[in-house]
Amino acid sequence: LGFCSFCSSSVQPSHIRSINGRGQASFSSCSPKVCIVGSGPAGFYTAHHVIKVVSAVDIYERLPVPFGLVRFGVAPDHPEVKNVINTFTQTAKHSRCNFYGNINVGKDVSVEELQQAYHAVVLSYGAEDNRKMGIPGEDLAGVYSAKDFVGWYNGLPSCQKLNPDLSCDTAVILGQGNVALDVARILLSPINILKKTDITQPALEALEKSQVRRVLIVGRRGPIQIACTIKELREMAKLPGTRPEMLAADFDGITEALKNVPRPRKRLTELLLKTALEVPNEEEQERRSKASRVWAFQFFRSPVEVLASPDKTRTAGIRLAVNRLEGSGERAQAVLTGELEDVPCGLIISSIGYKSTLIDPSVPFDSHKAIVPNINGRVQQVAGLYCSGWLKTGPTGVIATTMNNSFDTAKSLLDDMASGTVDLSASKAGFHSITGLLEKRGVKPVLFSDWEKIDSVETSKGEAIGKPREKILTVQEMLQVVHK
């Protein structure tokens with residue numbers, strides 16, 4: 001028996017049960033089959049919700065390994081955030097759930113072919129691209145997107161050739177969200193802390209040799225508009241071996257402005273003020289006096305040009321426009337003052353946002369917003385097609401935000417099945433009809449049991465050197481483990 005999340009009764013897996021607008025249960029005698037594209041948080045949370053009611057949920061993943069940004073995005077020194085993998089594993093091992101890795105939807109199999117094989121298809125493949133700054137010099141050596149830099153130290157196969165040059169003294173990170181603070185923390189953390197995490201060995205070796213001693217975290221607006229959360233700010237403030245060094249002028253008038261700010265934002269800004277301006281106690285003064293590395297937020301600055309070295313081969317600095325704010329609170333807009341500043345630096349990391357891309361021309365896509373146009377997860381003008389996660393909303397929020405957004409999409413899907421909007425009258429073959437196509441195209445799916453082999457090898461390698469795991473860094477090596 002499955003358990004329906006919309007009511008307190010159990011349901012047969014061969015039926016669909018939901019609540020219609022009159023509070024009555026609706027049924028279908030069909031066996032609904034659902035396909036989910038992407039095995040990150042959005043995919044697994046959507047699966048978790050619909051598996052309780054439908055007869056089969058198949059999760060397709062481009063890589064041989066599941067969990068998306070939980071594996072490749074969450075910072076190595078945040079192992080507690082990765083505990084959600086335990087919940088996802090339970091879903092993957094459910095008798096009516098199947099994981100099919102190493103399948104590139106849009107290339108190995110089309111979305112239209114999936115629509116023919118399943119009653120509903122949910123696109124949950126996230127945001128794999130990054131927003132461009134759109135300024136001169138951003139393609140110079142020494143400039144990286146945060147997406148690629150995070151992928152490099154977290155073992156994303158496509159980022160393993162990044163080999164960032166860490167031989168400079170000063171790094172500039174553009175953006176002040178949690179990802180920017182993750183990157184700053186990894187650049188400045190003592191190696192003995194990182195050695196105990198699942199950071200990749202090549203990244204660990206590069207960071208051990210790193211000459212970066214100063215990290216500037218730059219934002220367009222002011223302290224009240226900072227995009228990170230209080231947890232990440234607290235971690236920066238207490239990071240061993242580092243001290244903050246901020247401009248007092250950036251905080252003029254902030255204490256007065258805090259009177260009209262919502263409580264969570266107020267607490268965050270108060271911590272920022274304390275870190276930047278308050279005279280620390282004796283213990284903290286001693287800690288800061290011994291620090292060999294420095295970090296700072298720089299506010300009211302926008303990048304206008306990456307400055308090249310004399311031989312024009314790599315970055316030597318960044319030109320920033322000085323801004324002032326018009327308006328107040330969350331809605332305040334950064335307006336150029338006409339003043340410019342040049343900051344010498346050898347490393348620039350752009351953390352201004354991830355971006356979804358189109359994987360199949362049959363899917364509607366808003367290239368300006370970089371999302372699939374939808375209403376409550378229902379893809380507009382395509383019956384039976386849904387989206388969840390960042391593909392649905394854009395890259396906002398934390399894992400809990402994605403959970404709620406995915407549950408909402410799942411509810412839309414189940415409501416549509418109950419109301420007849422999704423046609424359940426015809427039986428569908430599901431993966432059985434896709435497997436023949438994959439065979440013809442020379443694609444070998446990786447099952448969840450295969451992932452468990454990879455997992456076992458990684459954790460064994462990690463245990464041998466005091467780490468939770470040592471990630472396998474290439475798809476080829478992952479497949480070698482699977483097919484041993």
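Cβ atoms here come from the backbone N, Cα and C positions, even for glycine.
Source: prediction; values computed, not measured.
Record features, source TrEMBL:
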type	residues	note
DOMAIN	33-187	domain 'FAD/NAD(P)-binding'
BINDING	Ala42, Glu61, Leu69, Val105, Trp390, Gly397, Val398, Ile399	FAD binding site
BINDING	Gln176, Gly177, Asn178, Val179, Arg220, Arg221, Glu232, Gly397	NADP(+) binding site
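Positions of TrEMBL features highlighted on the structure.
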{"residue": "Ala42", "record": "FAD binding site", "Cβ within 10 Å": "31"}
{"residue": "Val105", "record": "FAD binding site", "Cβ within 10 Å": "22"}
{"residue": "Gln176", "record": "NADP(+) binding site", "Cβ within 10 Å": "26"}
{"residue": "Gly177", "record": "NADP(+) binding site", "Cβ within 10 Å": "21"}
{"residue": "Asn178", "record": "NADP(+) binding site", "Cβ within 10 Å": "18"}
{"residue": "Arg220", "record": "NADP(+) binding site", "Cβ within 10 Å": "21"}
{"residue": "Glu232", "record": "NADP(+) binding site", "Cβ within 10 Å": "22"}
{"residue": "Trp390", "record": "FAD binding site", "Cβ within 10 Å": "29"}
{"residue": "Val398", "record": "FAD binding site", "Cβ within 10 Å": "12"}
{"residue": "Ile399", "record": "FAD binding site", "Cβ within 10 Å": "17"}
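The two recorded residues, Ala42 (FAD binding site) and Glu232 (NADP(+) binding site), have Cα atoms 23 Å apart. Largest Cα to Cα distance within the recorded FAD binders Ala42, Glu61, Leu69, Val105, Trp390, Gly397, Val398, Ile399: about 26 Å as a whole number. Cα of Ile399 (FAD binding site) to Cα of Asn178 (NADP(+) binding site): a span of 12 Å.
Close to Val179 (NADP(+) binding site) in the fold, though at least 6 residues off in sequence, lie Gly73, Ala146, Val150, Ser351, each with a CB less than 8 Å from its CB. Among the residues the record lists as binding NADP(+), namely Gln176, Gly177, Asn178, Val179, Arg220, Arg221, Glu232, Gly397, the two farthest apart have Cα atoms separated by 19 Å. Residue pair Trp390 (FAD binding site) / Arg221 (NADP(+) binding site) shows a Cα separation of 24 Å. When the binding-site residues Glu61, Leu69, Val105, Gly397, Val398 are ranked by how far their Cα is from the Cα of Arg220 (NADP(+) binding site), Gly397 comes first. Leu69 (FAD binding site) counts 24 other C-beta atoms within 10 Å of its own C-beta, drawing on all protein chains shown.
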